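Enquirer: Structure in structure tokens, see below.
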Amino acid sequence: MLSWRHLVFWAMLVMATLSAARPAPTLPEQVSPKAKVEVESYSAHHGDLLQLRCRLRDDVHSINWEKDGVQLAETNRTRITGAEVEVRDAVQEDSGLYACMTHRPSGTETTFFAVNVSDRIPSVEDDDDDDEKSSSEEKEAENSKPNPVAPFWAHPEKMEKKLHAVPAAKTVKFRCPAGGTPSPTLRWLKNGKEFKPDHRIGGYKVRYQTWSIIMDSVVPSDKGPYTCLVENNYGSINHTYQLDVVERSPHRPILQAGLPANQTVPVGSNVDFVCKVYSDPQPHIQWLKHVTVNGSKYGSDGLPLVQVLKAAGVNTTDKEMEVLHLRNVSFEDAWEYTCLAGNSIGISHHSAWLTVVEAISENPVIMTSPLYLEIIIYCTGAFLISCMLVTVIIYKMKNTTKKTDFNSQPAVHKLAKSFPLQRQVSADSSSSMSSGVMLVRPSRLSSSGSPMLTGVSEYELPEDPRWEFSRDRLILGKPLGEGCFGQVVMGEAIGLDKEKPNRVTKVAVKMLKSDATEKDLSDLISEMEMMKMIGKHKNIINLLGACTQDGPLYVIVEYASKGNLREYLRARRPPGMEYCYNPIHVSKDMLSFKDLVSCAYQVARGMEYLASKKCIHRDLAARNVLVTEDSVMKIADFGLARDIHHIDYYKKTTNGRLPVKWMAPEALFDRIYTHQSDVWSFGVLLWEIFTLGGSPYPGVPVEELFKLLKEGHRMDKPGNCTNELYMMMRDCWHAVPSQRPTFKQLVEDLDRIVAMTSNQEYLDLSMPVDQYSPGFPDTRSSTCSSGEDSVFSHDPLPDEPCLPKYQHANGGLKKR
């Protein structure tokens, strides 16, 4: 058995091996003859959490901790809880010999921890562990070459990633491993000029052995191109990295979705509720149980009545606070529990219910065989009878709605058809909106020899008394625009409000064009029915009525006098912005920052309402948001039927628009449309708002856009946008749909920003010089008709303000 002196010698040897630069701490000289000594080695990096724990026995009377022979005391970083010591944010001074002495009747047992804290340099890119070794091998290879060699890149595969986007306060490391004979020199340039340590706060470190530069705690002023210049007498080579520093945006605590989760357990069980909290500022976490007093769950102040079950103490870690332990639960414990987390920015909370049931019997009563067999027979018989009834009902329904056969010539319409219209709703909808409804009754034959629906009036629609409006009280006016299958004209409706029968209301009337097809009629009816089911909201275009009897179908909707949001913003650009505009039509309206945030807030409210009705828009953009006379934002075209399964998104169509630059990657590549894909489009719409109607991804061809999106690139921050709003855009553009915010969260955040924004905050709308720099030749005419515009359209938009087709210095994009 090893003696005490042998153990001391072994501990000193371990410490000398771990830290050659530090004097090896020695063990205490005086130890009880009965003492048992153990030594454990422990290595950690700078900034890590040190955790040292003693092994305890049942008969331990007391525990003492020492470091390098001195009693260990608690500090703001050091916490001692009996048999455990925790040191937060470890530094090199925390290295040493820690001793845990447990006193027992049989003697003292001492455990030594030889701790070594070493420095660690994080890097933007993952360097191989053998950087030092490879550098040595390169130099040996260079020196062994008899002939001179010009500089060359030793590991070009490690230099492929040129754009680096990192959060502020991170450490950045760029490497340019090179070789040559004689050994070349290394210099670093920033923005094409020599980069010296005094050019940035905190300087930088150059490690010539690994051909690298290291910058600690980067700040936004560190953005820019960094060039490594490698040269010797026989040549020179260089490589440029682009650094982008993203500022952190403070936010209230974020709680992981689905936690804590509802639980159902037998009485007497143990329950753990888990709550994952993410927060930059230090969060304060509490666990609450909702209670009732005199049958009420709320106090006189209207706030819920709660009992604090767990709160953070002086020595409690966040990890401990994220779990609530309930032991041996009873029926009285069955109630609602809440995890409440707050920081200096705000408060977040998630709740879960605990259900306690009777304990499951260990010996359940087993059915006798005859009874069990009888139940199976009855259930099987009932199932077969139900299947037969369902089959008969479906067969009769098909016969009732069956279309009459056409002749071989499709140009002759035999009869008016019943259109089974399928609603556009999200996949999780369980409402009746997902069912097919027959909206058109058969009528007499049409004598038309045209494949177009010239006899529109011969299609009889069932009258809906809630929405039917008399034709003789509707006056049609000038055209407002044309769509794929119909047109919109201005109109005046007399007595639209039944309480004011003589009042004239300006409206917009949707109708079919003269060359409309049967599918066009089906689409218009589908849009009308969708608007009926969705209902009314201030921030969507609402259905006001319809003329379905004794004539062509007219769908009456709200009129927005100021046009779509894209043109509304462009018309309010000041003359100083670089785009072709007509000075005669420049509006005198001044837009404040609060006006732009209000636009975004109203659109978010409209989309929140549509999402609550299980409606997926699929084409949210500034061109599909209309503006009323009172500058109220109203979302349009949410009821359109869009065929998303037969569109080639990589090609232009003759009359169709492909909104690829607004589409989420999962919609673009996999054709998966959800509320979260609408959130991506909302992020692009935010970018449109704060560029006053700019075209997304300016100057980027669509084929290149597909590649950039897959690589994680995103658009730059607009010049007049705050960091908080830009971070909101970036959240909307998260590659993982489930990580994007919901419209409810967007409404809450924008509501807060609107409330905190002053009305007098007018924008400095002069575009910065470096916001767009020439990247593609400018071949504009007086009107925009680019095939590379943000929406693919065969026909140009007349009199449309044009933005220069410029590209940012790095492609106008950032990588997430």
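Glycine is no exception: its Cβ is also placed from the backbone N, Cα and C atoms.
For 25-118, the entry in Swiss-Prot reads domain 'Ig-like C2-type 1'. The compositional bias 'Basic and acidic residues' annotation in Swiss-Prot covers 133-143. The domain 'Ig-like C2-type 2' annotation in Swiss-Prot covers 156-244. Residues annotated as domain 'Ig-like C2-type 3' in Swiss-Prot: 253-355. Sequence annotations record features per position, and here Swiss-Prot assigns transmembrane segment to 375-395 based on sequence analysis. If you look up Swiss-Prot, you'll see TYR459, TYR579, TYR581, TYR649, TYR650, TYR726, TYR762 marked as phosphotyrosine, on the strength of similarity to another entry. Marked as domain 'Protein kinase' by Swiss-Prot: 474-763. Residues or ranges marked as active site, proton acceptor by Swiss-Prot: ASP619. According to Swiss-Prot, the feature compositional bias 'Polar residues' maps to 779-788.
I'd like to know what surrounds each of these features in this structure.
Expert: Counting residues of the domain 'Ig-like C2-type 1' (25-118) by DSSP class, helix then strand then coil, yields 3 helix, 51 strand, 40 coil.
Across the domain 'Ig-like C2-type 3' (253-355), DSSP helix (H, G, I), strand (E, B) and coil residues number 7 helix, 49 strand, 47 coil.
Of all Cβ atoms in the protein chains displayed, 20 besides its own lie within 10 Å of the Cβ of ASP619 (active site, proton acceptor).
Within the same chain, residues at least 6 positions away in sequence whose Cβ sits under 8 Å from that of TYR726 (phosphotyrosine) are LYS717, PRO718.
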Enquirer: In three-state terms from DSSP, label ASP619 (active site, proton acceptor) for me.
Expert: coil
Enquirer: For TYR726 (phosphotyrosine), name the DSSP secondary structure in the helix/strand/coil scheme.
Expert: helix
